[in-house]
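Written out below as structure tokens is the structure these notes cover.
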Amino acid sequence: MSSTTLSPTTPSQLCSGKSGISCPSIALLVKPTRTQMTGRGNKGMKITCQATSIPADRVPDMSKRKTLNLLLLGALSLPTAGMLVPYGSFLVPPGSGSSTGGTVAKDAVGNDVVATEWLKTHAPGDRTLTQGLKGDPTYLVVEKDRTLATFAINAVCTHLGCVVPFNQAENKFICPCHGSQYNDQGRVVRGPAPLSLALAHCDVGVEDGKVVFVPWVETDFRTGDAPWWS
């Protein structure tokens, strides 16, 4: 009878429990080896695991994150690869500045967002991703009266930097990585995320009608606290 044996290089990093070996803080690399077992009492299979610590530089950094997260999210949610084309625009450099000192929002194909045109195709309650400040994926919010909200919501999860999709059915943002949840305004309602999603001001240019994002430095109206992202 043969068995599969895996040698642990760092046994102290393994966590054991009733359901077997597990540990959320490490990655397990399985390397099977074949051995011959003798004797009537040696029945069954014996398994150990080689554990490898996750390097610190692989933990998403809020200051260095890439908008590629958005592309990957689209790959999970769209039914065909051909439909991924619009998401390529989020890999271009951050949107151009405006005369007011903010950043002009860009849509999924890289065009500047014009408020009147946007509202023709986005219904009340809609939350759709655009490219915002520093190139971050940012939600434009359409109010019940068919106007744009004066705030926009940064889509980057405050836990480990995943892009958080909006769940229309539950009317909340739910992170696909570790289950963090935020209400429809981006306020955290369930961990492990420690903080609410960042905000940006959403203005409309008087002359050209383009949507402009401006850094939010005032009190967070959702929590009454100073903005952690400023």
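A Cβ is built for glycine as well, from the same backbone N, Cα and C atoms used for every other residue.
Annotation source Swiss-Prot lists [2Fe-2S] cluster binding site at CYS157, HIS159, CYS175, HIS178. What Swiss-Prot records for CYS162-CYS177 is disulfide bond, and it gives sequence analysis as the kind of evidence. Summarising the annotation, Swiss-Prot assigns domain 'Rieske' to 115-213. Marked as transit peptide by Swiss-Prot on the basis of similarity to another entry: 1-50. Here Swiss-Prot flags 72-92 as transmembrane segment.
Feature annotations (Swiss-Prot) mapped to structure.
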residue : record                        : Cβ within 10 Å
CYS157  : [2Fe-2S] cluster binding site : 27
HIS159  : [2Fe-2S] cluster binding site : 19
CYS162  : disulfide bond                : 20
CYS175  : [2Fe-2S] cluster binding site : 23
CYS177  : disulfide bond                : 17
HIS178  : [2Fe-2S] cluster binding site : 13
> Hey, how far is CYS177 (disulfide bond) from CYS157 ([2Fe-2S] cluster binding site), Cα to Cα, in Å?
Replying inline: 9
> With the [2Fe-2S] cluster site defined by CYS157, HIS159, CYS175, HIS178, which remaining residues of that chain have Cβ atoms positioned within 8 Å of the Cβ centroid?
Replying inline: THR158, LEU160, CYS162, VAL164, CYS177, GLY179, SER180, PRO192, ALA193
> So, by DSSP, how many helix, strand and coil residues make up the domain 'Rieske' (115-213)?
Replying inline: 10 helix, 38 strand, 51 coil
